[in-house]
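Take a look at the structure below.
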Amino acid sequence: MGTVVDAPAVVAEEVTENMLGGKKVTAVFVLGGPGSGKGTQCANIVEHFGFTHLSAGDLLRAEIKSGSENGTMIENMIKEGKIVPSEVTIKLLQEAMIKNENDKFLIDGFPRNEENRAAFENVTKISPAFVLFFDCSEKEMEKRLLGRNQGRVDDNIETIKKRFKTFVESSLPVIEHYNSRDKVKKIDAAKPIPEVFEDVKTIFAPYAPKAE
Ligand SMILES: Nc1ncnc2c1ncn2[C@@H]1O[C@H](COP(=O)(O)OP(=O)(O)OP(=O)(O)O)[C@@H](O)[C@H]1O
Ligand SMILES: Nc1ccn([C@@H]2O[C@H](COP(=O)(O)O)[C@@H](O)[C@H]2O)c(=O)n1
Ligand SMILES: [Mg+2]
């Protein structure tokens, strides 16, 4: 009985065509703790594999700067290491994907919790090709964040501790969700940047631009 009920949902997930604004898109979710190196490696992937990088955190910070009515709420959430309501972040991601001519996207720092994950799937009907997970110890991530020097309001020890807690409590379960569906490709992100990228390159080899 359970099998009969469950089967259609599984089939639907497998055959999903990721259509958005009239184009078929490939989306890779890039996840990992704060300071694990998501943004750094996304920049390398963009250069070598022609993806467009959409960082949910960057989009939220741009929204604050734009003077949006949600700006104060977003800034407060970021300072507290909390996750902004999905409707806000999904709207920003969806607009960015539609506006961009590319059809291959790295979605960095999203989905950050179960609400993000379920709402994105419901609204966009997009499921990720895979989830790239940068695995790194808190000790190493803390060192990196305190040395980042980009003037971020959340790169202070008090907020960093809160971000780690949010990651463990809310984001790791999302990675578990995809892991149980064999969608997670885990990378040892504690290694030096070029070595991490060697591992990333192996994963992205199927997406290498064709030689002319
Ligand atoms: N493998 C690495 N080894 C040492 N330092 C690194 C490594 N990867 C990134 N860094 C440095 O660590 C800092 C954080 O990296 P990055 O901004 O890419 O992390 P992130 O995962 O995007 O963090 P956040 O979630 O806070 O946006 C940067 O200063 C970056 O130069
Ligand atoms: N899906 C998301 C992503 C991010 N946030 C908020 O932005 C902060 C910074 O994100 P980074 O990926 O740049 O580290 C994060 O701590 C959250 O406060 C979010 O709410 N939802
Ligand atoms: Mg980042």
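Using the three backbone atoms N, Cα and C, a Cβ is placed for every residue, glycine included.
Unlike curated entries, TrEMBL annotations are predicted automatically.
Listed in TrEMBL:
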{"type": "BINDING", "residues": "GLY35, SER36, GLY37, LYS38, GLY39, THR40, ARG148, LYS191", "note": "ATP binding site"}
{"type": "BINDING", "residues": "ARG61, LYS82, ILE83, VAL84, GLY109, PHE110, PRO111, ARG112, ARG152, ARG163", "note": "ribonucleoside 5'-phosphate binding site"}
{"type": "BINDING", "residues": "ASN116", "note": "CMP binding site"}
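Local packing around the binding-site residues LYS38, ARG152, LYS191 was summarised as the count of other Cβ atoms within 10 Å of each Cβ; on this measure the leading residue is LYS38. For ARG152 (ribonucleoside 5'-phosphate binding site), the nearest neighbour among the listed binding-site residues (LYS38, ASN116, LYS191), judged by C-alpha distance, is LYS38. Taking all protein chains in view, 29 other C-beta atoms sit within 10 angstroms of the C-beta of PRO111 (ribonucleoside 5'-phosphate binding site). For THR40 (ATP binding site), the nearest of the binding-site residues by C-alpha distance turns out to be GLY109; the candidates were ARG61, ILE83, GLY109, PRO111, ASN116. Using a 10 Å Cβ-Cβ cutoff, ILE83 (ribonucleoside 5'-phosphate binding site) registers 19 neighbours. Across the fold, the C-alpha of GLY37 (ATP binding site) and the C-alpha of GLY109 (ribonucleoside 5'-phosphate binding site) stand 11 Å from each other.
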